[in-house]
Every structure is written in C-alpha cells, then in structure tokens.
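Here is what Swiss-Prot records for this protein:
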- 8-228: domain 'Radical SAM core' (DOMAIN)
- R17, R71, T102, K164, R267, L268, R269: GTP binding site (BINDING)
- C24, C28, C31: [4Fe-4S] cluster 1 binding site (BINDING)
- Y30, G75, S126, M198: S-adenosyl-L-methionine binding site (BINDING)
- C262, C265, C279: [4Fe-4S] cluster 2 binding site (BINDING)
- 325-362: region 'Disordered' (REGION)
Amino acid sequence: MTQPIRDSLGRPLRDLRISVTDRCNMRCRYCMPREIFGPNFTFLPRSELLTFEEITRIAAAFIRAGVRKIRLTGGEPLLRADLPRLVAMLADLPDVHDLALTTNGSLLARYARPLRDAGLRRVTVSLDTLNPATFSRLADTDIPLDNVLAGIDAAQSAGFFPIKLNAVIRRGVNDGDVEELAAFARDNGHIMRFIEYMDVGNSNGWRAADVVPAAEIIARISSHWPIDPLPPRYPGEVANRFRYRDGRGEFGVIASITQPFCRDCTRLRLSAVGEVFTCLFAVRGHDLRSIVRSNTDSAAIDAALDEAITRIWSRRSDRYSELRALDSDGSREDADESEASAVPGRSTHPGHRKVEMSYIGG
C-alpha cells in the first residue's frame, strides 16, 4: 500500500474533498449571503469547470499519493448535471476506501437511489433546524424544509446508513434547536454533528460572540440524555463523538473554534476549476487544471500531477485555527510574525482574503 506523503508538520495526506460546482440553490447566511451572491454574481462558466474525466484523473493522482477517502461537495453538488456518472467513475478507482457526498438535501429525493447504485457509500446532509420558519430564514430560500427531510428519508431508503446530519449552530439564530435536532437524529437512526460557527471566507459577517461553544452543546445534550465519550475511529477525525448510554446512537461536535484540530488535519480541497487548497481558510490555491489540459502525452501529465501534489503537500505548514486561538487568548506575543504572515488565510494581515467556502466546499 502506498504510504501517504507528509507535510512540514508531519501530517499525512489521506482525504480529498472535491468541489464539483460553485453554485447553490440556497443562500445560507454563513456560506453564501444573498447580498453578495445575488442575481448579478458571476459564477464559474461551464468551460472552466473540470470535466468528470479530469476530476477522475486528478483523483487518481491523489490516490497514488496516499488518499483513501474522497468526498464530493459544492456549492450544492447535486446541481452538477449527471453527477452519478462521476460517482461511478470515482468508485471504479482502486484503493478508494470511502466515497461520500455532502449536500443540502433539497435534491436528494431525486438522486439518492442513482447515487447509491453508482457506488456512493455515504451521505451527509446539512440540517441546521427543524423549524420551517427558521430554516427559510437561515437558508434564505423558498425551498421548503420538507424537501430536505424527504431527501433524508429517500437516502435512508436507498441504503445509506447511518446518515450524518450537519448543523452549524449560531447564537441567537438556531441555538435553541440543539435538543430537537439531537432527538430527531436519535429517533431516526441518524448521526447528528453540531458544528461551531466558523470564520470561513470573508462574506459571512462572522463574530466570536455568535459562536456556541461545543462544550455548551455537549452539556445541554447530556442534561437530557446520559452520554459517554467515544474514541476516534481513525487518526485525524474532526468530530468529538459521544454515545447515548441508552443505546440510541451517537452524536458529534466539531469544535474548530474552541478546540482547533489543525495538528491532525489530513485534508486537501480541490475546487471545481482545479485549484488545490491545503486549508479551508486558505488565501490562494495551486493550479492543477493547466496540467491536465496541457498538450502532452498521458504519462507526462500523470508524472506532472504526481510531482505537483507531492510538492504542494510536503510544503504545507498552515494551521489557521490554532493561530486564531492563540491570538484570541494572547498566547502569541512571542510568536514568529513571519510564520503568521506565511500561513494562508491569516485575515489579521492586510490584503489577505480567504477563499469562500462555496468555492472549495466545507
């Protein structure tokens, strides 16, 4: 088995997240606020998007570098035409241990069965609330919440089990929904994951005061149902997991603000136009599309991809969330400023604008 390459901090490359489109049919405030991503916003033209064949070729190169888990994201990935065909192509690659999809669920009722038949193994659905009015306000959409719930049911009927449900919790917005979401997941055999509101991109108006700490979420759930912590299932797992003592499943929290996990991050993100980003909070990407579209022979293209991926990952040193946490508690007074300046996404430095989450997926 290929040993994964490691970055400058010793982190192995194991996970690849592939954005297949920058478009979405919702306008969630924490990702694509309508005042920025409105009718006049220019999305990527189709000619600039990687083809399915190009995506598969790049994915194969990442597998040669040690990647074993692939997740398709967006925007909303189900807006990409004929997505089950891409799933089938990726599922046919050797040594892919996990092939998953993250979706807002609005189109999942239509695509759950074709995706499963094509070889998709897992589905994660964004579900920030079970209140229809709160949902409409959060997602800034006319799409009914029932469409998302129907998509979750269809995925379960198609054989996806367990289904993970992601909820980004914001103070004063949906923090009152935590217990209801947990109960819904318990009652239906799903795994609920509560995510601390993150300062991703530049357009979501993030404030630290809006963050509901994972510790508070855990305390609230444990006051209703006794729980016990679970060990990580694999190195680099981002969620802290807990099981319900009554045997009715588990839930997780992703505490990227209060408990950064940069030191264990094994993920790399590929945008829909073939740019590679080594951090969710990155400022700039690395172009792979020009390699796969170069006018040269197949072996030379594969060799160039292998070299580029090794170079990009081996030079990686970003740990944005850790440095943010150090800044916030004053622990970085003696930190090397050159390190901070070199870290992608350091928004505390003038001119550094982080890539938007809708461009590279969450």
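Start at 1 and count along the chain as shown; that gives each residue its number.
Cβ from N, Cα, C; glycine included.
According to its DSSP assignment, T102 (GTP binding site) is in a strand.
C31 ([4Fe-4S] cluster 1 binding site) and R269 (GTP binding site) have their C-alpha atoms 16 Å apart, to the nearest angstrom. Restricting the average to the domain 'Radical SAM core' (8-228) gives a pLDDT of 95. R17 (GTP binding site) counts 21 other C-beta atoms within 10 Å of its own C-beta, drawing on all protein chains shown. For the binding site of S-adenosyl-L-methionine, formed by Y30, G75, S126, M198 according to the record, the largest Cα to Cα distance is 17 Å, rounded to a whole number. Put simply, Y30 is the one of the binding-site residues Y30, R71, M198, C262, L268 whose Cα lies nearest to the Cα of C24 ([4Fe-4S] cluster 1 binding site). On the backbone, the CA of L268 (GTP binding site) and the CA of C28 ([4Fe-4S] cluster 1 binding site) stand 24 Å apart. R269 (GTP binding site) sits 7 Å from C279 ([4Fe-4S] cluster 2 binding site), taking the C-alpha atoms as the reference points.
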